[in-house]
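Asks: One structure, pasted below without further comment.
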Amino acid sequence: MREDGEYQLSLWDDCSCGQGIENKLFSKKKNNHNTIMQVDNQVSPGKVPYFCSVRYGIAVFLLLCNVIIMSQRVCLSLTMIAMVNSTEPHGLSNTSTKELQDNIKNPVYNWSTEIQGIMLSSIFYGVLISQIPAGYLSGIYSLKKMIGFALLLSSLFTLLLPLAAEFGEILVIICRVIKGLFQGITLTTQQVIWIKWAPPLELGRLTALSLSGLLLGPCIVLLITGFICDSLGWPMVFYIFGACGCALSVLWFILFYEDPKDHPFISNREKEYITSALTQQVSSSTLIKVPIKAMLKSTPLWVISLCNFAFFWSNTFLSIYIPIYIDYKLHVDVEENGLLSSLPHLFAWIFAVLAGYMADIFQTRNTFSLVTIRKLFTSLGLLLPSLFSLCLLYLSSSYYATIIFLILANSTGSFAMGGIIINVLDIAPRYYGFLRGITNVIGLTGGLIASTVTGIILSEDAESPWLKIFLLMIANNMISLIFYLIFAKAEVQEWAKERQNTYL
């Protein structure tokens, strides 16, 4: 403690990433019964701009990147209606006639339903394969190049998909798998950016804002893809989303810098604020030894992975099968089905941004400890979808009740953005990219299993398939949540702490 009453910062004190870090980074000074938080000889965070800042600009940029990625991924599920002779039992006879009359504008192919299913799911295998390698390499190679080239190549393969369709379904499947590989690299490596760009008390809102693009993308696709197919032809869907991705990747190479210290447009005030807040957070840009044995024995890491499995299970099921459930329950036409199916994605995006902001507010005001905040938002992200799914099964007697509970069941899972989605960064910031890849693989596996199991139940059970499907999802959520509430942590684990060599 100095003579003027301010506290010096100890650079090598152990602390968790995000949990009360500002209590060590910011000095305290009392004046007229007021406590003023300020960085020692630096900038007061209260004077640093938030929304008009480079770090929030990066978050918005990543949001747009994720919107484009999801648009490129999901658009095939809707363009498939125009690409084949028949994908729906009740069909669209007028549209099909129009498309057949203009085969240049809307080429039509004779693909079986089995081939269509393989095409739609093939991209997930590419995403799954790339997660762990991308997470590990993100700690070694340039994030700017990895994300920029991955987004560019994903967009190029999107542009090539109409041409691939002309040569047969095998090329379409290969094209989708390769595109999934590059999308997986983009999705994993982008989260490592916040190690250097996110002050701990803003980690939740910046992460949630950027990742919310994954929820906003399907909403946009569902709203505009049908219009593009009708007015310009289905190939234009891939050309438009592919071109947007190429343009965005060029802007990424021009505008993004990996370290705030190197950014030419950042203000000195914001640069000093970020670097001061992250003084203790050391990251290595060289090849590091990964403590696999310690990770395998880490209970907090296992419960995060388990909850990721449950989260992706429920999110994948609710996202993919919303149109089918709406058709089963409400028997509406395709246009109305598309509009109703987009609403849950819109509200999920809103709740995701809200969750990140609320988590940071609770942490800034010391309302709860960091581990309590993570448990609270994880509980909301797993418990509320389960609760509203039960309401959907037993209380949705009217049209509007069904829509309301369906929206809430799908969108409230976004509260997990303030919990398990960023909890890995709390316990192991040094290995965040690698562990994010592992948890993503486990989560995506849950999504693939959910899609497969749901399809099997729907095909074999004609009496009460939806009851079994929803109850299975609810049981998965509850079991995972119980383990998380018991074993979750939010401080840096011993095996993940930075080690220094001491020479005598």
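Note that Cβ sites are derived from N, Cα and C of the backbone, with glycine treated the same way.
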Asks: Check each of the ranges 115-134, 135-154, 175-194 against TrEMBL and return the one annotated as transmembrane segment.
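Replies: That would be 115-134, the stretch labelled transmembrane segment in TrEMBL.
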Asks: In terms of Cβ proximity under 8 Å, which residues at least six beyond the ends of the transmembrane segment (56-84) contact it?
Replies: 50, 92, 95, 99, 106-111, 116, 119-120, 123, 147, 151, 154-155, 158, 161, 165, 176, 179-180, 183, 186-187, 190, 193, 197, 206, 209-214, 216-218, 220-222, 225-226, 229, 233-234, 237-238, 241-242, 244-245, 248, 251-252, 255-256, 338
Asks: Out of 234-257, 346-364, 401-425, 437-459, which stretch has the largest tally of CB pairs under 8 angstroms to the transmembrane segment (206-228)?
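Replies: By Cβ pairs under 8 Å, 346-364 leads among 234-257, 346-364, 401-425, 437-459.
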Asks: Relative to the transmembrane segment (301-326), which of 346-364, 376-395, 437-459 accounts for the most Cβ pairs at distances under 8 Å?
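Replies: Stretch with maximum Cβ contacts: 437-459.
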Asks: Restricting to the domain 'Major facilitator superfamily (MFS) profile' (74-492), what is the model's mean pLDDT?
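Replies: Across the residues of the domain 'Major facilitator superfamily (MFS) profile' (74-492) the model's pLDDT averages 85 on the 0 to 100 scale.
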